[in-house]
Amino acid sequence: MTVTIATLGFPRIGPKRELKFALEAYWAGKTDADALLDTARDLRAKTWTRQAALGVAHVPSNDFSLYDHVLDTAVMVGAIPAAYGWSGGTVDLATYFAMARGDQGRPAAEACGPGCGHAPGADGVPALEMTKWFDTNYHYLAPELSPGQAFALTSSKPVDEFLEAKALGVHTRPVLLGPVTFLKLAKTKAEGFSPLSLLSALLPVYGQVLRGLAAAGADWVQIDEPCLALDLTDFERAELRRAYGALTHAAPGVRLMLTSYFGGYGENLATAVNLPVEGLHLDLVRAPDELEAALAASRESLVLSLGVIDGRNVWRADLPALLDRLEPVVARRGSDRVVLAPSCSLLHTPIDLDLETALDPEIRQWLAFAVQKVEALAVLAQALNGGRASVAAALEASAQAARARATSPRIHDPKVAERLAAVTPDMTRRRSPYDQRREAQRARLNLPPLPTTTIGSFPQTTEVRQARAAFAKGQISDATYEAFLRQETARAVAWQETVGLDVLVHGEFERNDMVQYFGEQLAGFAFTQSGWVQSYGSRCVRPPILFGDVSRPAPMTVDWWRYAQGLTRRPMKGMLTGPVTILNWSFVRDDLPRETACRQIALAIRDEVVDLEATGAAIIQIDEAALREGLPLRRGDWDAYLDWAVESFRLAASGVADATQIHTHMCYSEFNDIIAAIGAMDADVISIETARSKMELLDAFVGYAYPAQIGPGVYDIHSPRVPAVEEMTTLLAAARQRLAGEQLWVNPDCGLKTRKWPETQAAIVNMVEAARRARAS
């Protein structure tokens with residue numbers, strides 16, 4: 001027997017973002033369902049055959065999704081809220097995409113095309129609530145469940161895709177999101193109701209799926225229960241035992257590989273190793289010390305999947321060092337009971353480093369994307385099966401790359417270290433308490449009650465993207481590109497004045513991404529051409545690679561702010577991305593504590609804040625959209641993270657006078673458990689994403705007696721749906737029941753970059769009218 005390799009999941013989007021473009025063409029009505037599904041089928045085929053060719057013995061299937069795997073699971077088990085008008089049977093694409101993106105409810109004659117995702121003639125309904133997948137930058141759609149929820153098998157996707165791969169000659173290991181994690185991720189509108197109470201109703205459907213896979217020929221099935229990386233109660237652990245007892249009994253011919261990731265099992269390890277499954281995956285990147293405990297606690301027959309290659313970051317592994325750890329494990333456990341794998345699904349990494357033809361060669365040799373990570377696993381397996389000499393050249397190349405990175409002068413900047421050492425506590429505090437700052441800001445800004453604004457970005461149209469691409473390729477000059485951007489900015493400013501917004505933004509047309517734009521102007525970052533990863537649905541991002549010490553060589557946003565402010569007498573916000581978000585939305589160096597890297601970024605942003613104020617900016621927004629997602633999965637680790645995250649924000653924000661108003665923005669967030677940290681950030685105004693939660697997220701601010709101002713999002717920008725004025729006035733009324741009117745701002749949930757202008761204009765006009773009505777009431 002030999003050591004084999006597995007992947008837990010592979011990127012879905014395609015090396016050239018084929019899925020993104022197929023989805024957007026379908027939604028726009030330019031293509032039909034057959035074209036979309038053909039693209040999806042082609043991507044799956046290439047992914048399966050490529051992994052098999054690289055030597056993966058356990059190739060995953062059912063890890064592909066048209067939008068989100070949690071949504072796929074909800075559809076598979078028939079968890080379709082009544083609002084979507086589903087009457088049983090197969091869930092069609094219109095219903096599927098309505099759950100993902102919302103449903104404007106246009107009459108059939110006005111439907112935007114066969115791929116719009118709207119159910120013509122139905123009442124408009126919002127999308128399911130979207131939130132972050134554990135502590136990653138991927139978003140999932142939260143299932144919406146209710147007491148008495150009925151489940152039924154309504155999709156054959158897992159079996160269909162297993163058979164699809166089988167027809168190509170690839171025997172796969174299907175992947176299912178586990179029933180306990182599925183229920184823990186679900187939302188409910190029923191007070192005091194726990195979705196986990198539905199486990200007994202859900203398990204028979206999972207049993208049907210497993211039996212169907214067994215009948216199709218599957219011998220292993222991977223079941224993901226990442227909830228095992230969380231703090232679980234004794235009851236939840238008991239429910240896991242009950243669930244897996246039932247699943248093992250339901251399909252005795254199928255071997256189950258239980259996977260958890262993004263952290264160790266901790267106090268859940270005893271439960272995990274004793275579940276009636278044949279295999280258990282360990283995330284040995286996040287929890288390297290858990291290997292010995294798992295070996296000692298588990299039965300000899302349990303197959304251990306060792307997640308030794310980082311599935312969430314882009315750094316090349318030191319293979320000889322990994323072999324030093326793995327060789328004793330194989331000798332002790334036996335090669336037939338060891339599988340090598342990434343720490344988690346490779347969904348979170350770019351696909352192929354070979355596509356990066358323009359990347360700095362020195363930095364490139366330090367990196368590994370999904371394909372290269374699989375190749376690294378193959379080298380490890382060959383070394384374990386055939387000896388190190390059989391892959392000597394690959395091992396030496398790996399060791400040489402590790403040495404080169406560790407000794408490169410591009411990693412460390414003594415000036416950055418000196419500046420960081422000179423930071424004092426006073427640099428992380430505003431000059432006066434909030435009450436005093438509020439009066440100074442009121443006098444300076446003279447805004448009406450319930451002031452209206454947007455979060456920052458406006459739609460990046462085809463014309464904007466084409467101009468950016470032409471500029472990047474050298475097809476247009478600097479002057480031509482800047483003139484185009486000025487024209488777009490001027491149009492956006494004029495439109496905002498016309499519709500009556502109180503505080504304006506310049507639209508960010510010059511920015512490709514809210515993190516990449518800043519990273520490109522900061523020392524210590526590198527960027528890719530094709531390093532795309534999925535954020536949600538068709539939304540893809542190219543995270544910067546933070547490889548060295550960070551500093552700001554020159555001002556980054558001042559010129560664009562000065563130009564935009566010169567077009568209007570209304571306040572123009574300076575728009576910055578905060579240090580914690582830049583950190584959390586980047587691939588971060590692993591040779592330095594994250595908090596140290598974050599403080600370096602904070603000093604760079606502080607310089608920009610001070611320069612904006614000196615240029616005349618009265619309002620400066622420092623977005624910390626990703627503050628919460630950086631939270632460790634274990635509560636016991638939260639305080640340490642929040643301490644340095646809040647300190648980093650304050651270090652960036654505290655260099656200004658009392659009359660300068662500091663805004664921040666957070667999205668995808670639940671605030672109850674971090675409200676004290678949000679208060680400690682000491683921002684003058686915070687805008688948050690609340691529309692999908694119907695303002696319930698504000699309850700945290702009420703209980704905390706949050707003193708500063710808040711802009712609760714009054715409509716969901718992740719959906720193309722345009723909310724009615726009455727819908728937004730209802731949300732504002734709900735907000736005013738929770739907070740004093742003088743605390744409230746009126747704004748969308750998030751930036752508008754991914755929306756189209758017609759829906760944006762209609763929604764903002766309605767929002768401004770809703771604010772006017774609310775002021776008059």
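Numbering starts at 1 and runs along the chain as it is shown here.
Cβ atoms are placed via backbone N, Cα and C, with glycine included.
Taken from Swiss-Prot, the feature 5-methyltetrahydropteroyltri-L-glutamate binding site covers ARG17, GLU18, LEU19, LYS20, LYS132, ARG539, CYS540, TRP585, GLU629, and the record attributes it to sequence analysis. What Swiss-Prot lists as L-homocysteine binding site is ILE455, GLY456, SER457, GLU508, ASP623. Residues or ranges marked as L-methionine binding site in Swiss-Prot (evidence: sequence analysis): ILE455, GLY456, SER457, GLU508, ASP623. Taken from Swiss-Prot, the feature Zn(2+) binding site applies to HIS665, CYS667, GLU689, CYS750, supported by sequence analysis. Summarising the annotation, Swiss-Prot assigns active site, proton donor to HIS718.
Feature map: Swiss-Prot annotations on the structure.
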| residue | record | Cβ neighbours (10 Å) |
| --- | --- | --- |
| LEU19 | 5-methyltetrahydropteroyltri-L-glutamate binding site | 24 |
| LYS132 | 5-methyltetrahydropteroyltri-L-glutamate binding site | 21 |
| ILE455 | L-homocysteine binding site | 25 |
| GLY456 | L-homocysteine binding site | 25 |
| GLU508 | L-homocysteine binding site | 25 |
| CYS540 | 5-methyltetrahydropteroyltri-L-glutamate binding site | 18 |
| GLU629 | 5-methyltetrahydropteroyltri-L-glutamate binding site | 23 |
| GLU689 | Zn(2+) binding site | 26 |
| HIS718 | active site, proton donor | 26 |
| CYS750 | Zn(2+) binding site | 27 |
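For CYS667 (Zn(2+) binding site), the count of additional Cβ atoms within 10 Å of its Cβ stands at 27 [all protein chains shown]. Counted within 10 Å of its Cβ, the other Cβ atoms near SER457 (L-homocysteine binding site) come to 23, all protein chains included.
For the binding site of L-homocysteine, formed by ILE455, GLY456, SER457, GLU508, ASP623 according to the record, the largest Cα to Cα distance is 13 Å, rounded to a whole number. Listed in sequence order, the residues of the same chain lying 6 or more apart from ASP623 (L-homocysteine binding site) and placing their CB within less than 8 Å of its CB are ILE455, GLY456, MET514, MET575, LEU576, THR577, GLY578, THR581, THR664, HIS665. Closest to ARG17 (5-methyltetrahydropteroyltri-L-glutamate binding site) in space, going by CA atoms and restricting to the recorded positions GLU508, CYS667, GLU689, HIS718, CYS750, is HIS718.
Binding residues for 5-methyltetrahydropteroyltri-L-glutamate (ARG17, GLU18, LEU19, LYS20, LYS132, ARG539, CYS540, TRP585, GLU629) extend across at most 28 Å, taking the greatest CA-CA distance. Taking Cα separation as the measure, CYS667 (Zn(2+) binding site) is nearest to GLU629 of the binding-site residues LEU19, SER457, GLU629.
Comparing C-alpha positions, CYS750 (Zn(2+) binding site) sits nearest to GLU508 among the binding-site residues GLU508, CYS540, GLU629.
Closest by Cα distance to LEU19 (5-methyltetrahydropteroyltri-L-glutamate binding site), from the recorded positions SER457, GLU508, GLU689, HIS718, is HIS718. Of the listed binding-site residues, namely ARG17, HIS665, the sparsest CB environment within 10 A is found at ARG17. Nearest to GLU629 (5-methyltetrahydropteroyltri-L-glutamate binding site) in space, judged by Cα atoms and limited to the recorded positions SER457, GLU508, GLU689, HIS718, is GLU689. Here the Cα atom of GLU508 (L-homocysteine binding site) is found 18 Å from that of HIS718 (active site, proton donor). Secondary structure from DSSP puts HIS665 (Zn(2+) binding site) in a beta strand. DSSP assigns HIS718 (active site, proton donor) to coil, not to a helix or a strand. Reported as a whole number, the C-alpha separation between CYS540 (5-methyltetrahydropteroyltri-L-glutamate binding site) and GLU689 (Zn(2+) binding site) equals 20 Å.
Of all the recorded positions in the list LYS132, SER457, HIS718, the shortest Cα-Cα distance to GLU689 (Zn(2+) binding site) is found for HIS718.
Same-chain neighbours of the L-homocysteine site beyond ILE455, GLY456, SER457, GLU508, ASP623, judged by a C-beta within 8 angstroms of the site's C-beta center, are, in sequence order, THR454, VAL505, MET514, MET575, GLN621, HIS665, GLY751, LEU752, LYS753. Straight-line distance linking the Cα atoms of SER457 (L-homocysteine binding site) and the residue listed as 'active site, proton donor', rounded to a whole number, equals 13 Å.
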